[in-house]
């Protein structure tokens, strides 16, 4: 009788343990072991436990190919999360690791391949292991903070309370947060200033729309005389256009989006064009704003030399469009929903032992759950956005559909996106600088991993599981996008490395850049209002403070905006920072060395960003690696 030492590790999250019966069978090239009930004295399979057992076989199994796990109900159904199983053959020092990292639900049998991460290249005699996928591997077992927002906040204010007083009394938690978080207070003090407006185009929650303007759009008839006063002495608009110092943010995608109706009152939307100038002394500043796509008497061009309230309201309208774009497009569509495509394809097409599965798994944690919650609690017909956001309801879906139709794979790659937008000369574009550093670190890490497990391009092409995965992504995920630019076949290691780097970059750095600062820019609601209650102005001289106050969100809407951006942007209590892996999917020494090198690169980036921001009046820390989550969890 041969005795094998088997170790079984239970998950560390809540409810991972089980009281059900667990059986194991070892499958080798020369036969199978006895089907063994795993039962030590005391409690087995408690949360976080690593239990050791002896499994007998009538004879030597040869190379152990599979570990067969079975779970059977004992009294009541009790799900179990298994991290991994290790097997130590008799009289040998080596230990084989069989990764699982999945929930076993109901009476179920699973077979685990040994975790060397070998890609399946369709070789004769390959094992067709059964790898059922349980989506719960990526779900929380606890209630998400979004449920807090399903009831409107209670506000008790006197009839004479000012807008400012209302904002700071509407939510006690948010109020206290504003007092001790630097950026919100700084925003409240500087939100009217032109340089601060420009700074947010570069480093706010929507830093991906600004682009170099080589020629003024035909529907934006700005003349040289209009903006001459905003330019540096001894220059003009034509010279600055040629020098690459004029930039444009165009919200044409907002044109004719259906408006939301809140408490019986239609809200209002604009589709602005905003021209900006990189001033040698003042930084990036707005120099002209048109609040519609069709110029005319009712769509004037607002300028810094206009009456101060007129120029302020024009900027507020642009920032209102910013709220819609960054929440629905930059945040929801271009991070959450894009990563969901990778998540579903990975769960459907790749076994847990596949190196691509193991590489992506930590970056897909909780994403399906938070996306489901977003659909039901944020953007549903009776969700939070319907209650307080001007594009809530049908408008939100139409806006997302428009962006999806023009989405390209190229735009998801930061190095190409910055090049295509012509923004390499922009100063103080910290989002660009930090993104490129992180992209290089992630891409280098992924490339090393792919070259470790695929020795040639032909191995990529001949991996049927990998080809099924990319086909799922290209044809099922990014469906009906003839111009998306992603092939349904992976031919080289470089193609695979870039695609994986895109998925990891979006689920980590890109999401952090869009999500983590939203409360900073939205807590002072006039800086980024969620809705507008009156239409855009048509007469510059008729604008009063009363008109601005009546246009901005009311107290109730402001309360919800503050609460939701705080909840969505706050650090999660169980956050895992970028590059930290709580589950050891890889066991190979070379893979572990690559992970260690990746962490060292992230540490260098962290030190650079901290040094760069030391003493800064307005620090940019959203892409600090220690503040970037390993996956989209909120």
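Cβ coordinates are placed from backbone N, Cα and C, and glycine is handled just like the others.
With a 10 A radius on its CB, residue 17 (Ca(2+) 1 binding site) counts 20 other CB atoms from all the protein chains. Here TrEMBL flags 17, 78 as Ca(2+) 1 binding site.
Around residue 39 (Ca(2+) 2 binding site), no same-chain residue at least 6 positions away in sequence has a Cβ under 8 Å from its Cβ. Per TrEMBL, Ca(2+) 2 binding site is recorded for 39, 40.
The Fe cation binding site annotation in TrEMBL covers 331, 336, 511, 634. Using a 10 Å Cβ-Cβ cutoff, residue 634 (Fe cation binding site) registers 21 neighbours.
Annotation comment: TrEMBL describes 2-118 as domain 'PLAT'.
Taken from TrEMBL, the feature domain 'Lipoxygenase' applies to 190-634.
Here TrEMBL flags 103 as site 'Essential for stabilizing binding to COTL1'.
Taking the C-alpha positions, the distance from residue 103 (site 'Essential for stabilizing binding to COTL1') to residue 336 (Fe cation binding site) comes to 23 Å. Taking the Cα of residue 634 (Fe cation binding site) as the reference point, the closest of the binding-site residues 17, 40, 78 is 17.
On the 0 to 100 pLDDT scale, the model's mean across the domain 'Lipoxygenase' (190-634) is 96. Cα-Cα distance from residue 331 (Fe cation binding site) to residue 17 (Ca(2+) 1 binding site): 35 Å (rounded to the nearest whole number).
Rounded to a whole number, the C-alpha distance linking residue 17 (Ca(2+) 1 binding site) with residue 40 (Ca(2+) 2 binding site) is 15 angstrom. Residue 103 (site 'Essential for stabilizing binding to COTL1') has a Cβ environment of 23 other Cβ atoms inside 10 Å. Counting residues of the domain 'PLAT' (2-118) by DSSP class, helix then strand then coil, yields 0 helix, 64 strand, 53 coil. Taking a C-beta cut-off of under 8 angstroms and a sequence separation of 6 or more, residue 336 (Fe cation binding site) has the following same-chain neighbours: 367, 370, 371, 374, 511, 632. Geometry remark: residue 78 (Ca(2+) 1 binding site) versus residue 40 (Ca(2+) 2 binding site), CA distance 18 Å.
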